[in-house]
Structures are given as C-alpha cells and as structure tokens.
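**Q** The structure's right below; bear with me while I get my questions together.
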Amino acid sequence: MILPINTYSDEVLHQKAKPLKGVDADISSLIDSMFESMENASGIGLAAPQVGCSIRLLVLDVSCMKSYEDVPPMVVINPNVLAVRGKNLMEEGCLSVPGVQGDVLRPSEITLKYRDRNFQEHTEEFSGMLARVLQHEIDHLNGTLFVDRMEKRDRRRIQQELDDIAAGLVPADYPIARECSRGGEGPACM
C-alpha cells in the first residue's frame, strides 16, 4: 500500500521516534508499504516518521545509483551510530521537503549497530552515499531534517520554499499527508 509522505511542518517529523521491541505482522506490512511508497516517490530512503509512524525504523534502496547496483535493499531498526570518521559536504534532498535541495556536511564513514527485518542485530561500517543516506534517515528518527543541518545563510535562502511547503503550496509527484497527526497511532503504525 502506498502511504502518504509527511512534509516539513508535520509534527511527527520533529519528534524523537520510539524504539521497536520486535517485528510482528503489522510492522512487516508497514515495511513492505514503506518500500512501495519510497519506490513510488522515486526515493532512496524512507524513515517511518515520514509516513506518520513515530518508530525507529527506516528502509533504503540505493541500487538505482551507479556503483551501488549490487547493494541490496535494507531494513534498519533501532539504529545506533557507534563511530564516525571523515567529513563530506554534499547536496541532499528529501521526500518530506519536496523541491528543496541543500548542502549538508556529514561524516563520510560510520559504524552502525542496528537490527534487520528479522530483528537480528548487526554492527557494520558504511561509507560514501550509503553512509550519507543512513545518516539522513536516522536524523528523521531523531526529529531532525536535512534543512536543520544546513548553514544558517543557506537555510535563510530557502525559507520561503519551506514556508510554501508548510502552507501546502508545493505539489509533489507522490501522495502528501496534510495536517497528519497520527504520531504513531495510525493503522499503518500498529
């Protein structure tokens, strides 16, 4: 099922998400819907708060990108960044901030502890685009958007676009949730 994407001003995007205690049929169904919604929106990563569910779950699929064709889609539950290395400034965008891009400085490598779709624990090192996408999506789980990490002067330049998104004036090629306050209580989050 394709789920609507929450945008910039929706409250659920500014809250710290709650950890999952396991994966049941409802969470498994949510994971499938998140992959379907991400693909429908031509995204490479999607965090549960973006679909109105305040839980520590994200999905990503970077296989559409050159050099990442062999990377399988990932389900990441309860992620914890254990270490970071290096720095890299790169332009980012986000399904929750349609039509806006901006430069964000992030660590270029991370060590991540997380659980997969089967709730099995992993500790792995990630670099390059995969590290960036993971950090971007983990930010969503902590109530942070990429625009919150932009330089102040760059953020001021896009403020009108952010105001337009908040006012519902910016269209997207995928379903957008308006005035969504499910915050983890909607049917997709059960």
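Cβ coordinates are placed from backbone N, Cα and C, and glycine is handled just like the others.
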**Q** For the Fe cation site that Swiss-Prot gives with His136, His140, which of Cys64, Cys94 also belongs there?
**A** Cys94
**Q** Distance check, please: Cα of Glu137 (active site) against Cα of Cys94 (Fe cation binding site), rounded to an integer number of angstrom.
**A** 9
**Q** With every protein chain in view, how many other Cβ atoms are within 10 Å of the Cβ of Cys94 (Fe cation binding site)?
**A** 25
**Q** Starting from the Fe cation site formed by Cys94, His136, His140, give every other residue of that chain whose CB sits within 8 Å of the mean position of their CB atoms, in sequence order.
**A** Gly45, Ala47, Gln50, Glu92, Leu95, Ser96, Glu137, Asp139, Leu145, Phe146
**Q** Using a 10 Å cut-off, grab the number of neighbouring Cβ atoms around the Cβ of His140 (Fe cation binding site), all chains included.
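**A** Excluding its own Cβ, His140 (Fe cation binding site) sees 24 Cβ atoms within 10 Å.
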